[in-house]
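Beneath this line is the structure, given in structure tokens, with notes to follow.
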Amino acid sequence: MSRPVRNRKVVDYSQFQESDDADEDYGRDSGPPTKKIRSSPREAKNKRRSGKNSQEDSEDSEDKDVKTKKDDSHSAEDSEDEKEDHKNVRQQRQAASKAASKQREMLMEDVGSEEEQEEEDEAPFQEKDSGSDEDFLMEDDDDSDYGSSKKKNKKMVKKSKPERKEKKMPKPRLKATVTPSPVKGKGKVGRPTASKASKEKTPSPKEEDEEPESPPEKKTSTSPPPEKSGDEGSEDEAPSGED
């Protein structure tokens, strides 16, 4: 079967004057039609997952930001607490050092006051003892004088002893120097001469036969008289001069 023929109308474009301009304006004014592209279910799932992940990431980031802020605040508080602790420790140390210095000052003052009191108490005792010390020193001086007097006495005694010896010594000197001269007198006692003594000592042989031994008186007469002291010799010499 043949198809029916359609009625065709011939259109003259020349009738329209602004055909080219209209096309240009139309192309400028109306852009291409926007068509929505249908996304596949996989892409939708991926988008959903990415959205969830982005939300989770944002939440995590927010949590992290909050935590960091909290940490910063805690660290700031900790630093402040540490600073306060350090300040307290320093204050305690300073207070302890001040207390120790005050105690030392108090002890030094107490010791100084005690020493002053002891010095004040010792001052009158020293004043009292000063006189006794002077007396003791005077006694020492007396002792020294006594010792010096003893030495002087010893020296005087030593000097006096040789004087006594000198007094005793002249007697033997006089004995040695004084030689009594033979006295010529009748009844005076004197040293016999050598001739007389020889005659008396050498008797004749006849007399020896006739006479017995000579009595002891003759022997005594023949012996020289004992030596007299210088004074006695001087006394004997005086009467000899008178004769």
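Each Cβ is built from the backbone N, Cα and C atoms, and glycine gets one as well.
Summarising the annotation, Swiss-Prot assigns compositional bias 'Basic residues' to 35-51, 149-174. Here Swiss-Prot flags 64-77, 197-206 as compositional bias 'Basic and acidic residues'. The compositional bias 'Low complexity' annotation in Swiss-Prot covers 91-100. For 111-124, 132-145, 232-243, the entry in Swiss-Prot reads compositional bias 'Acidic residues'. Feature annotation from Swiss-Prot assigns phosphotyrosine to TYR13 (among others). Annotated phosphoserine per Swiss-Prot: SER14, SER19, SER58, SER73, SER113, SER144, SER181, SER214, SER229, SER234 (among others), in sequence order, evidence recorded as a large-scale study or a structure entry. If you look up Swiss-Prot, you'll see THR179 (among others) marked as phosphothreonine, on the strength of a large-scale study or a structure entry. If you look up Swiss-Prot, you'll see 1-243 marked as region 'Disordered'.
Annotated features, which come from Swiss-Prot, shown on the structure.
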residue	record	DSSP (3 states)
TYR13	phosphotyrosine	helix
SER58	phosphoserine	helix
SER73	phosphoserine	helix
SER113	phosphoserine	helix
Summary of DSSP states over the compositional bias 'Low complexity' (91-100), given as helix, strand and coil counts: 10 helix, 0 strand, 0 coil
Distance, SER73 (phosphoserine) to SER58 (phosphoserine) (CA atoms, angstrom): 22
